[in-house]
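S.K.: The structure is given below, and queries will be raised subsequently.
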Amino acid sequence: MTGNRTFTMIKPDAVENGHIGAILEKITAAGFKIVAMKYTQLSKRDAEEFYAVHKERPFFGELVQFMTRGPIVSAILEKDNAVDDFRALIGATNPDEAAEGTIRKLFATSIGENAVHGSDSDENAAIEGAFHFSGREVF
Ligand code: GDP
């Protein structure tokens with residue numbers, strides 16, 4: 001059992017492909033309550049900081065380029081067991097390996113352009129939420 005909040009982004013590929021509404025519908029239908037949300041665009045510096053854990057990986061430059069190329073929707077979601085349940089809802093990083101019916105299976109196009117982000121721990125959910133939202137933007 002994890003805590004009751006997680007952080008997500010609808011990534012530039014899914015925004016470009018017109019999937020914001022369908023993805024939010026899947027999220028709320030799965031029982032997540034949206035407690036913070038904004039439509040925004042990451043700067044290069046934002047993306048480098050957000051993904052700093054991956055900076056030695058060969059795909060880091062590509063990831064930063066992708067995540068800054070257009071707007072995203074960022075949100076904090078609330079539900080019992082939020083982190084684990086949301087990871088189950090979005091599916092594996094690579095859409096070819098994602099389970100049927102998951103958000104990435106439905107909307108992702110590749111391992112890099114995989115439609116959504118979901119925090120991987122309660123600690124990172126708190127860090128990532130605070131990176132995107134001030135206290136008065138969270139309800
Ligand atoms: P996640 O927790 O499922 O998002 O996966 P990771 O933490 O391993 O990776 C973070 C993000 O980096 C992924 O969601 C992808 O957008 C991107 N990424 C991961 N692996 C690759 C890769 O092999 N190539 C590219 N281009 N991007 C990748």
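The backbone N, Cα and C atoms fix where each Cβ goes, and this holds for glycine too.
Whatever TrEMBL says is automated annotation, not expert-curated.
Feature annotation from TrEMBL assigns domain 'Nucleoside diphosphate kinase-like' to 3-139. Among the features that TrEMBL reports, ATP binding site is placed at K11, F59, R87, T93, R104, N114. Per TrEMBL, the feature active site, pros-phosphohistidine intermediate maps to H117.
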S.K.: Based on a Cβ-to-ligand 1 distance below 6 Å, what subset of the binding-site residues K11, R87, N114 would you report?
M.R.: N114
S.K.: Going by DSSP, is the residue listed as 'active site, pros-phosphohistidine intermediate' part of a helix, a strand, or coil?
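M.R.: DSSP call for the residue listed as 'active site, pros-phosphohistidine intermediate': strand.
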S.K.: Using a 10 angstroms cut-off on Cβ to Cβ distances, just flag whichever of T93, N114 is the loneliest among these binding-site residues.
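M.R.: Minimum Cβ neighbour count within 10 Å, taken over the binding-site residues T93, N114, occurs at T93.
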S.K.: Which residues in the same chain, at least 6 apart in sequence, have a Cβ under 8 Å from the Cβ of the residue listed as 'active site, pros-phosphohistidine intermediate'?
M.R.: F7, T8, M9, K11
S.K.: Rank the binding-site residues K11, R87, R104 by how many other Cβ atoms lie within 10 Å of each Cβ and give me the one with the fewest.
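M.R.: Checked K11, R87, R104; of these binding-site residues, fewest Cβ neighbours within 10 Å: R87.
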S.K.: Neighbour count, 10 Å Cβ-Cβ cut-off, for F59 (ATP binding site): what number do you get?
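M.R.: For F59 (ATP binding site), the 10 Å Cβ neighbour count is 13.
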S.K.: Please compute the mean pLDDT of the model over the domain 'Nucleoside diphosphate kinase-like' (3-139).
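M.R.: Mean model confidence (pLDDT) across the domain 'Nucleoside diphosphate kinase-like' (3-139) is 98.
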